[in-house]
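Participant: I'd like to ask some things about the structure below.
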Amino acid sequence: EAAVAELAELLSSAAGQAAREGAAEAALALSGDAAGRRLLAGQPAALAALLELAAGPSPPAARHALGCLVNLSAEPAAREPLLAALPALLGLLPGGPACGVLANLCRERGAARRVLRGLREGGPGLEPLLQALGQPRPPSQLGPLLCNLSQLPEGRRGLLDRSRYGTAVPGAGRRPTAGVRAGLAALAVAAPDPRLSPEDHEWLLSEEVDILPFLLLPLAGPEEFPEDEMERLPVDLQYLPQDKQREEEPDIRKMLLEAIMLLTATKAGRHTVRGKGTYLILRELHRWEREPAVLAACEKLIQV
């Protein structure tokens with residue numbers, strides 16, 4: 001504890017820049033161990049200094065400090081002190097490490113509500129997160145953060161804000177990065193909330209948003225269809241390249257299937273989902289799939 005207190009002094013602004021960078025690197029190494037995380041969590045001065053370094057002008061020190069904070073946010077003893085420093089963390093968004101810290105902090109509903117309230121009342125709101133999701137290379141930690149926020153009804157309503165949702169979906173439709181795939185899963189599960197009105201479901205399936213092709217594309221493979229079947233598919237799912245690969249994570253494939261299932265909760269939703277060639281994609285997925293849980297979700301949707 002005495003050594004960690006000394007480390008906290010070296011992290012503080014009273015120390016020189018070189019000393020602070022070295023101390024941040026040492027703190028990062030210490031945070032790789034559960035005992036080290038608990039020691040750091042018991043030093044409010046160290047946490048405050050790490051937050052200051054994370055927003056500071058020195059890239060090496062900021063990188064080490066952010067990495068340390070990500071590790072610390074997974075430690076239960078550090079969550080309350082970090083939640084108390086929420087304004088400083090929100091100022092680091094939409095950077096990937098900051099998303100990682102907040103994703104760890106808001107796994108539980110109570111903490112998620114505090115983070116969402118902070119975003120709305122004193123922070124930038126959801127808009128920068130959704131804009132980041134639409135970038136070619138969004139942070140991989142952004143998807144888990146959105147997913148955790150979506151466990152709240154107010155979080156789902158925020159994701160369904162019609163003035164923002166159109167900007168998020170196109171970004172989610174690009175599949176090359178892990179962040180996009182995680183973000184797509186978060187939005188897919190959050191958006192078709194079964195407690196939403198039928199009008200919300202109809203809007204999601206309408207030409208204005210047209211969410212269905214974005215949910216189906218990761219489930220599609222390189223199969224070729226006869227011309228009459230190809231014409232039944234949305235344009236984005238026609239004539240896919242021979243190297244097209246399905247989503248590699250079984251959990252995400254299952255979530256996408258469950259999201260489509262939620263969109264079939266109404267008669268109009270079932271009509272739209274059936275009319276856009278969904279069965280053709282599901283048929284080929286069922287032939288290819290080997291994971292029992294995903295197969296079960298696929299068969300349930302096919303029955304609908």
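Think of each number as a place in line: the chain as shown, counted from 1.
Just so you know, glycine gets a Cβ as well, placed from its N, Cα and C.
Pasting the feature list from TrEMBL:
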- 199-254: domain 'Protein HGH1 N-terminal' (DOMAIN)
- 259-304: domain 'Protein HGH1 C-terminal' (DOMAIN)
Participant: Pop the mean pLDDT for the domain 'Protein HGH1 C-terminal' (259-304) in here, whole number is fine.
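Facilitator: Reported value for the domain 'Protein HGH1 C-terminal' (259-304) is a mean pLDDT of 94.
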Participant: In the domain 'Protein HGH1 C-terminal' (259-304), how many residues does DSSP call helix, how many strand, and how many coil?
Facilitator: 37 helix, 0 strand, 9 coil
